[in-house]
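Asks: One structure follows; several queries about it will come next.
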Amino acid sequence: MFPMLTEFINYGQQTIRAARYIGQGFMITLSHANRLPITIQYPYEKLITPERFRGRIHFEFDKCIACEVCVRVCPIDLPVVDWKLETDIRKKQLLNYSIDFGVCIFCGNCVEYCPTNCLSMTEEYELSTYDRHELNYNQISLGRLPTSVIDDYTIRTISNSPQIKNG
């Protein structure tokens, strides 16, 4: 008789323990119920990027002196700088500058170490294409400034910082 009683007590304790675990899980679920949704409707709503966001690189052809510092500091030797030496003025003349964003890791070293500040990071992050060769940008494509997310009237911008209610 006692083994049956101890099994019944163990069964009761296990039932109470299981109910407690289910209750704890339910309380965690309820604590998340009052939060705002994190997902956004992407093509119609976009997050405003942070101030120091590292997006597509912008290049100013007139400022570049073809020193190739950007190539030396890049961990994957990505920027392609073509230049020729002008013997009469003893300076390099930049012919072509290109970056393949299919390979770029957006580390920002090229922007940080550029002595003439001809490179800068933009807030553009939509670089998807159907052909990877379209991600190879030359100096003309790199010189294009993107449309700011805030200035685009066709979409609703959402700040990624939490909303603080006054009052």
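Heads up, the Cβ atoms here are built off N, Cα and C, so glycines get one too.
Okay, these came from Swiss-Prot:
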- 55-84: domain '4Fe-4S ferredoxin-type 1' (DOMAIN)
- C64, C67, C70, C114: [4Fe-4S] cluster 1 binding site (BINDING)
- C74, C104, C107, C110: [4Fe-4S] cluster 2 binding site (BINDING)
- 95-124: domain '4Fe-4S ferredoxin-type 2' (DOMAIN)
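Each of these features: where is it, how hidden is it, and who are its neighbours?
Replies: Confidence for the domain '4Fe-4S ferredoxin-type 1' (55-84), expressed as mean pLDDT, is 94.
DSSP assigns C67 ([4Fe-4S] cluster 1 binding site) to coil in the three-state reduction, placing it in neither a helix nor a strand. Spatially close to C67 ([4Fe-4S] cluster 1 binding site) yet at least six residues away along the chain are K92, P115, T116, judged by Cβ distances under 8 angstroms.
Listed in sequence order, the residues of the same chain lying 6 or more apart from C104 ([4Fe-4S] cluster 2 binding site) and placing their CB within less than 8 Å of its CB are I57, I76, L78.
Cβ atoms under 8 Å from those of the domain '4Fe-4S ferredoxin-type 2' (95-124) belong to residues 49, 53-65, 67, 69-70, 73-76, 78-84, 132, 135-139, 142, 145-146, 148-149 of the same chain, restricted to positions at least 6 beyond its ends.
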Asks: Would you please pick out, from the binding-site residues C70, C114, the one with the fewest other Cβ atoms within 10 Å of its Cβ?
Replies: C114
Asks: Translate the DSSP assignment of C110 ([4Fe-4S] cluster 2 binding site) into the three-state scheme.
Replies: helix
Asks: Determine, to the nearest whole angstrom, how far the Cα atom of C107 ([4Fe-4S] cluster 2 binding site) is from the Cα atom of C70 ([4Fe-4S] cluster 1 binding site).
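Replies: Answer for this pair: 12 Å between alpha carbons.
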